[in-house]
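Undergrad: Starting off with a structure, shown below.
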Amino acid sequence: MGGCASKDKKDKVVDGDAVATDNNATENNTADGDKATSVTAAGETATTEANGDATANAEGKEDTMVDAAVLTKLEEGFAKLQASNSKSLLKKYLTKEVFDNLKNKKTPTFGSTLLDCIQSGLENHDSGVGIYAPDAEAYTVFADLFDPIIEDYHGGFKKTDKHPASDFGDVNSFANLDPNNEFVISTRVRCGRSMQGYPFNPCLTEAQYKEMEEKVSSTLSGLEGELKGKFYPLTGMDKAVQQQLIDDHFLFKEGDRFLQSANACRFWPSGRGIYHNDNKTFLVWCNEEDHLRIISMQKGGDLGEVYKRLVTAVNEIEKRIPFSHDDRLGFLTFCPTNLGTTIRASVHIKVPKLGANLAKLEEIAGKYNLQVRGTRGEHTEAEGGIYDISNKRRMGLTEYQAVKEMYDGIAELIKIEKSM
């Protein structure tokens, strides 16, 4: 079975059907910050097309050798990364020893190589992280690289640690963070899920994308009550519907250069879609970065309502669609920053006094393991003094604990803002 990266480059040459969909998303649609890499040069595409897919040898066994063209690209990319001033976690942990140990390895089922994992970080030296898992097995096969990056990003989650069992806790325990609507503009809690039995984006075929979309669409159409709504496929989307979704800040676009480099946008827009409930407070993205991105949101600071809605939705969907889960890493996702609980609880918050001293704002947020970003997500400015602040840790703690960190941190920021 051929490696995902080479397979994708071949598909892109043949199909060439990348259709960008306009987007105005309030939060950057990589959903969790730090991303990884970039698309390969056209010349390399031809080489990999000729050589990339592993083939069965004369004895009928799968070829486990890494293609020569892939090795060349790895060596060249590694040399450039080492010579760069990149601050990525990839550069920090991809030592010569680790590189040499992993460069000839492949995942057993999909034949993913080290290049499939790190090509985004090799091409985009401004990546925060720089690595993705093309399939679930990559977390094990390339553990010498993934483990230290996971430990660094997730606040000391060591390779000997085990993520706790899923626990959403008491969904009624969170109050409204800002009952007088002075500071919090909106509240959002989301999680990512991968469907059992399918690889991640770089290894998915077009048929699998369509099959997954059908499963997701039929599952979501069965939701009732507050979650009841409609599924909108991106393929063949009516212009009026598209404009409405843009106006609502719901529509996601084809991935940024980090995701494109990681081969996460194959067969776009096939198999992609959006579901939202009638109240527009519950949203599901199908096959954006993860198989499923489940989102609960509303205006104001009532985290309790938002969290309760998300938990209800996740439990309802899981009754119908089995999710990929690992005993050590928790829920499995394409990007290692989203492993574990996969929970990102965030607010858009206006704190002009604290915001006047960004270093102080970030210092206070850091004490509660919170991440401060611009209004529209990572790498954006705070428009009108409005920041996107969320929990950073997703591993080594339960879903409830992850949301509680955000709750406690935001409550403290509001208290300090009021006292200034």
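Even glycines carry a Cβ here, placed using N, Cα and C.
What TrEMBL says about a protein is an automatic prediction, not a curated fact.
What TrEMBL shows for this protein is this:
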type	residues	note
COMPBIAS	1-15	compositional bias 'Basic and acidic residues'
REGION	1-56	region 'Disordered'
COMPBIAS	16-31	compositional bias 'Low complexity'
COMPBIAS	40-56	compositional bias 'Low complexity'
DOMAIN	70-155	domain 'Phosphagen kinase N-terminal'
DOMAIN	183-420	domain 'Phosphagen kinase C-terminal'
BINDING	186-190, His249, Arg293, 344-348, 373-378	ATP binding site
Undergrad: Among the binding-site residues listed here (Ser186, Ser346), identify the one with the smallest other-Cβ count within 10 Å.
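TA: Among the binding-site residues Ser186, Ser346, the sparsest Cβ neighbourhood within 10 Å belongs to Ser186.
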Undergrad: Let me make sure I understand the structure: which of the binding-site residues listed (Arg293, Arg373) has the fewest other Cβ atoms within 10 A of its Cβ?
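TA: Counting other Cβ atoms within 10 Å of each of the binding-site residues Arg293, Arg373, the minimum falls on Arg373.
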Undergrad: Count the residues of the domain 'Phosphagen kinase N-terminal' (70-155) that DSSP assigns to helix (H, G, I), to strand (E, B) and to coil, and report the three numbers in that order.
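TA: Residue counts in helix, strand and coil order: 51 helix, 2 strand, 33 coil.
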Undergrad: Can you give the mean pLDDT for the domain 'Phosphagen kinase C-terminal' (183-420), rounded to a whole number?
TA: 91
